[in-house]
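Annotated domain 'MTTase N-terminal' per Swiss-Prot: 2-118, in sequence order. For Cys11, Cys47, Cys81, the entry in Swiss-Prot reads [4Fe-4S] cluster 1 binding site. According to Swiss-Prot, the domain 'Radical SAM core' annotation covers 145-379. Annotation comment: Swiss-Prot describes Cys159, Cys163, Cys166 as [4Fe-4S] cluster 2 binding site, evidence class sequence analysis. As annotated by Swiss-Prot, domain 'TRAM' applies to 382-445.
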Amino acid sequence: MPSVFIKTFGCQMNVRDSEQVLQDFIERGYQIASSEKWADIILINTCSVRAMAEEKAIDKLASLKTAKKKNPNLVLGIIGCMAQNRGREIAEKYRFVDLVLGTQKFHKVAEIADNLLKNPDRSSSYVDLSKEEAAHNAINKHLSTKAQPIAYVSIMQGCSMHCSFCIVPTTRGEERSRPIDEIFEEVKRLAETSVKEIVLLGQIVNRYGAKEFPWVKGKSPFVQLLEKLSTIEEIKRIRFTSPHPLGFKEDLIAALRDIPQLCEHVHLPVQSGSDKILKAMRRGYSRSKFLSLVDKLRKAIPQLALSTDIIVGYPGETEEDFQQTCSLLNEVRFDNAFIFRYSAREGTTAASLGDQLSEEVKFERNYRLLEIQNKITMEKAQKWVGQVVEILVEGESKKNASKFQGRTRTNHLVIIPKNERWRGEFLPVRIVETTGHTFYGTPLISGIDEALQFDLQEEINPAPIVS
């Protein structure tokens, strides 16, 4: 039986795309290799949002040249965002690559790679970066090899916002949304398995259907979708990522308040606290409008947890601009923040701007902002210690397989002792300790000692929120 291995870089949408590709291979009689060493086909699903992500993928590709020499019949492919953006360059420079497919070809990866494996006489790379009508509708399969309580559902592809720093409209194309009924049927199928929570995915997820579907009775297509999915009884939690502040109209705020399945967590990317930088980024809102939105959300959902994305070192960012971002963090007090150093992306407006900041300045500002946020994160996390929360137990902790992990409705990660009876179940847990980014808890169920403690030192320290 032939085998396939996929190394995935980047966001959750890339992970979801890889899942689709793997399931297509399974349906063709392949098995998923546990390591690239055992694979007949090796694919790298790539990311282009920052230079570091591309560098990691290129390094991985270069490291596989030896494997290709040892086994010329090995099929080696590059797929995803970097393939879309730099595919022909990659095929020309790395001639040992057999396959380069863009972001609108995920549904064809298995077929093409399988044909290449059956044809060892390959004279050149197979490259296809073309657009394909309705390709966004094809990301609808989930791995049949393992049951999970949480499933990610792609509801749209692409982005039409064209922020000045962002390469996504180039790599993913303009936004295209799947029909509500198709998404509903996909989630119904998931609900018939072990899935209890779904996470809806889109580059700008709350712009779902903006071009394709009408508002009905004052409700956007996205809210219509949320309401329909909430009727599936087995689905107890619904999340979505990643939204844009401009997409939070009154109907969505009301839905967050009124639909019980919608979790009390919103990821709200602000990117900067400076009006000058926000305008240069083409974000479409001011600092004051963002703060007003935060106020509306918190008034509607008092238990709401907020996370955000921030870019430091955008071209032309002065110390005063940076201080405005620092003050915004202190004013909003996000539960978590993902802080990134600006990375110039060729072809974007920001990459051609003057006054590009040095890497030294970017690193220094990144560090200072991270210090502020880490302090806020710890202060907010400490307030949860001693409280009882409900978690959905996902399975083994990513940092320590001898423990289980789960998440609260507010998206806080909780580590608990491992017990197979709890896998995939909702569990009441008392929070006994926190590192800020991670909570540690004691399950509160019949026959379990509430005072049960376990060695926190066994856990590997959680990764910092900056990447």
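Just so you know, glycine gets a Cβ as well, placed from its N, Cα and C.
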Quiz item: So what sits near Cys47 ([4Fe-4S] cluster 1 binding site) in its own chain, CB-to-CB under 8 Å and at least six residues off in sequence?
Solution: Phe9, Gly10, Cys11, Asn14, Ala53, Glu54, Ala57, Gly80, Cys81, Met82
Exercise. Can you check which residues sit near Cys163 ([4Fe-4S] cluster 2 binding site), meaning Cβ under 8 Å from its Cβ, same chain, 6 or more apart in sequence, and list them in order?
Key: Gln271, Met281, Arg282, Arg283
Self-check item: Beyond the site residues Cys11, Cys47, Cys81: chain residues whose C-beta lies within 8 Å of the centroid, for [4Fe-4S] cluster 1
Solution: Phe9, Gly10, Met13, Asn14, Thr46, Ser48, Val49, Ala53, Gly80, Met82, Thr171
Quiz prompt | Per-residue pLDDT averaged over the domain 'MTTase N-terminal' (2-118), given as an integer | solution = 96
Quiz item: Highest CB neighbour count within 10 A among the binding-site residues Cys11, Cys81, Cys159, Cys166?
Solution: Cys81
Exercise. List, in sequence order, the residues of the same chain other than Cys159, Cys163, Cys166 whose Cβ lies within 8 Å of the centroid of the Cβ atoms of the recorded [4Fe-4S] cluster 2 site.
Key: Met161, His162, Phe165, Ile167, Val168, Pro169, Gln203, Ile204
